[in-house]
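The following features are taken from Swiss-Prot:
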DOMAIN    2-237  domain 'PABS'
BINDING   Q31, E106, D137, G138, P162  S-methyl-5'-thioadenosine binding site
BINDING   H62, D86, D155, S156, T157, D158  spermidine binding site
ACT_SITE  D155  active site, proton acceptor
Amino acid sequence: MELWYTEQHTEDVRFSIKVDNQLYSGQSEFQRIDVFESKEFGKFFTLDGLMMVTEKDEFIYHDMITHIPMATNPKIKNVLVIGAGDGGTVRELTRYETIENIDMVEIDKLVVDICKEYLPQTASKLEDPRVHIYYEDGLKFVRTKENEYDLIIVDSTDPFGPGEGLFTKEFYGNCFKALKEDGILVNQHESPYYASYAKSMKRAHKRIKEFFPICKVYQAHIPTYPSGHWLFGFASKKYDPIEDLNSEAWNALGLQTKYYNTDLHMGCFALPNYVKELLEKEEE
């Protein structure tokens, strides 16, 4: 009998992957966690039936959420990562020797434990001595911080369930306060393609714009995320991700990446017209 993992992207659209084995299924205090194995995408893990990470395409997401801000300001030393229980974002950050401290805040310890066991590809650097993991609510954690971080990466789930508070006006205001005067905020910004995701994207963008003088959106193609067309938000008190891109300094680091490069950095901020229109329209 064939086994298929199926995820509902809209009322009328579903996405399926043929599964060889289910490696883990469990319920934490916050959410259901499943790990599957497939021929096409390798091992992948889901939360409450929604795709988070696959071994085959995780490099795209983690490259784009990490290297865009790092190439804009290669002097970043102190980083806060909210969410990111799979460890992929932290893995990419630890490649920068100039980063001195990475605080990672993940609400669900079981996510981290499961990813360490089944997804060492992404969780391999969580033991780095610069990494400090806090198992608590990111919304509450950031409330207590002021003028502390050079970069905050919000690597959250979608805006419901445990990740809901990470899309609120209060949260973005606290992120602004927690950043230094030249700080950068990067977040996963949902997809513009299906209406329900586009609504969340517009709301997040509007709220971030209320606090940050520089507020841009960039894109990547992530095959296993709804529609494949995924957005990220870049907000800063000082740096423009295009004008301040330091290609020479970043390329001199000699980092080998599978998706990101500094040409792509320039291009990913060039958005299709329908996305521009969505961002320009005020959220109803």
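Glycine is no exception: its Cβ is also placed from the backbone N, Cα and C atoms.
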_Considering every residue in the domain 'PABS' (2-237), what is the mean pLDDT value?_
94
*asked:* I need the CA-to-CA distance for E106 (S-methyl-5'-thioadenosine binding site) versus D86 (spermidine binding site), whole Å please.
replied: 10
*Reduce the DSSP letter at D86 (spermidine binding site) to three states and note it down.*
coil
*Between the Cα atoms of D155 (spermidine binding site) and G138 (S-methyl-5'-thioadenosine binding site), find the distance and write it as a whole number of Å.*
11
*Tally every other Cβ atom lying within 10 Å of the Cβ atom of D137 (S-methyl-5'-thioadenosine binding site).*
17
*Between G138 (S-methyl-5'-thioadenosine binding site) and H62 (spermidine binding site), find the distance joining the two CA atoms and give it rounded to the nearest Å.*
19
*Express the distance between the Cα positions of D137 (S-methyl-5'-thioadenosine binding site) and S156 (spermidine binding site) as a whole number of Å.*
11
_D155 (spermidine binding site): tally of other CB atoms within 10 A of its CB_ = 26
*Name, in the order they occur in the sequence, the residues of the same chain whose CB lies under 8 A from the CB of H62 (spermidine binding site) and which sit 6 or more residues away.*
G88, T89, R91, E92, T122
*Using C-alpha atoms only, work out the spacing between D86 (spermidine binding site) and Q31 (S-methyl-5'-thioadenosine binding site) and round it to an integer in Å.*
15
*Which site among D86, E106 has the most other CB atoms no more than 10 Å from its CB, taking these as binding-site residues?*
D86
*Would you mind reading off the Cα separation of S156 (spermidine binding site) from Q31 (S-methyl-5'-thioadenosine binding site), to the nearest angstrom?*
14
